[in-house]
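Chemist: These came from TrEMBL, pasted as-is:
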SIGNAL    1-20  signal peptide
DOMAIN    1-385  domain 'Major facilitator superfamily (MFS) profile'
TRANSMEM  44-60  transmembrane segment
TRANSMEM  72-91  transmembrane segment
TRANSMEM  97-118  transmembrane segment
TRANSMEM  130-148  transmembrane segment
TRANSMEM  160-180  transmembrane segment
TRANSMEM  213-235  transmembrane segment
TRANSMEM  241-264  transmembrane segment
TRANSMEM  276-302  transmembrane segment
TRANSMEM  308-330  transmembrane segment
TRANSMEM  339-358  transmembrane segment
TRANSMEM  364-382  transmembrane segment
Amino acid sequence: MPLFQLVAISLLMASSYFFASDMYAPSLPHMASALHVSGGTVQQTVSIFFIFVAISQLCCGPLSERYGRRPIAIFGSLLFALGSLICTSSQDINVLILGRLVQGVGVGALYLLCRTLLQDSLTKEQLIGIMSWFGILFLTLPGLTPTIGGVLQSHFGWQANFWFMLGLATTIFLVVLLFLRETNQQKNVHAVKLKNIAQDYWMIASNGAFLRYLLLMIVSNGGIIVFYLMGAFIAQQDYAIAAHSFGFTSLVLIGSTISARLVFNNLLKQRFSERQLLLAASIIMAIGSLGLVGNLGIGSFALMLTSVAVYCFGAGLTTSMAAVSALYLFPQHKGQTGAIYGSLQMGGMFLLTLLVSHIANTELAMACVFVMMATLSLTLQWRRREKAKLVNGSRW
């Protein structure tokens with residue numbers, strides 16, 4: 001399969017996660033009103049999505065090792081379409097939660113395999129080169145999707161977000177069915193045995209370097225999710241900013257993350273070590289979180305958005321390195337590594353969004369969450385610095 005075609009299909013499959021996870025964030029206040037539930041309750045639909053993405057990846061990793069990537073991708077796209085259809089017709093919160101559950105299972109399969117397809121076909125060096133630019137699109141989509149969602153909300157209502165997702169799911173199904181070739185040429189007949197699954201997952205999940213990269217990805221990607229979930233309410237309640245206008249704030253975050261990738265590729269990658277760059281990224285994230293604290297006494301939406309953008313710049317530097325480094329720690333277990341990595345990352349996002357749904361949507365609460373994530377990132381880098389002489393990064 002031509003490289004361009006493989007990358008294009010991988011990106012399309014990955015887009016399912018970015019659109020399904022936070023596209024409807026600007027609609028959350030409207031959904032709470034329409035479904036007669038609290039803001040915290042409707043925010044839990046995001047948490048439900050993340051936990052079932054996590055569970056799906058744990059199951060689909062071994063299944064794709066045993067039966068191949070293509071049939072699992074087809075099945076995932078069909079579930080994504082079914083879940084989106086359920087969401088479009090939901091008139092109460094329980095039906096919406098059911099739809100998000102089904103979406104999570106389908107999207108989990110697609111998001112896992114978008115990485116595994118590339119791992120099957122490329123060396124680590126080739127993948128790092130592609131992912132450096134490919135990652136710009138991965139970081140652009142989370143910022144672009146709420147913008148689209150805000151426009152759809154303003155003109156057609158909150159259900160339009162899920163009709164959009166249904167169209168995307170249908171497109172993914174047709175593309176995978178017609179154009180994707182099987183990339184797993186060495187299927188493992190033992191991959192679905194429970195004993196082997198448990199052993200492989202424990203070997204990966206207990207690795208110190210793997211856990212460090214995983215936590216870094218959670219706190220990096222968590223920043224933009226927290227801002228969309230809490231910021232949508234803060235913008236409306238404290239600053240009288242409409243949904244479509246809040247959606248456009250994502251363009252600022254897009255610019256920040258793209259800038260981080262450009263700086264990494266053109267200025268930093270060849271001059272500094274991974275350890276040095278991750279430490280610098282953590283410091284930048286801490287500066288952004290402190291900006292949110294400083295804004296508590298000022299009350300400027302522009303400063304709040306700028307502070308989140310600074311955090312996202314540091315997060316962009318982190319994700320340039322952490323994901324690929326984690327996925328290539330176990331080259332003989334690509335499917336399982338991708339599955340446990342994706343599952344635990346979604347599990348972390350589930351816990352983070354669950355926390356957000358149970359606290360007040362205030363600037364103080366949001367600032368505290370950002371400070372907590374930045375502190376964890378700095379702590380991880382400090383511990384790595386203290387253990388830098390350990391061999392192969394297999395322990396802290």
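The backbone N, Cα and C atoms fix where each Cβ goes, glycine too.
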Chemist: Give the nonlocal contacts of the transmembrane segment (44-60) in its own chain as ranges (CB under 8 Å, at least six residues past its ends).
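Modeler: Those are 17, 20-22, 72, 76, 93, 96-97, 100-101, 103-109, 111-113, 201, 225, 229, 338-340, 342-347, 349-350, 353-354, 357, in sequence order.
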Chemist: Mean pLDDT for the domain 'Major facilitator superfamily (MFS) profile' (1-385), as a whole number?
Modeler: 87
Chemist: To the transmembrane segment (339-358), which of 213-235, 241-264, 276-302, 308-330 is linked by the most Cβ pairs under 8 Å?
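Modeler: It is 213-235, which has the most Cβ pairs under 8 Å.
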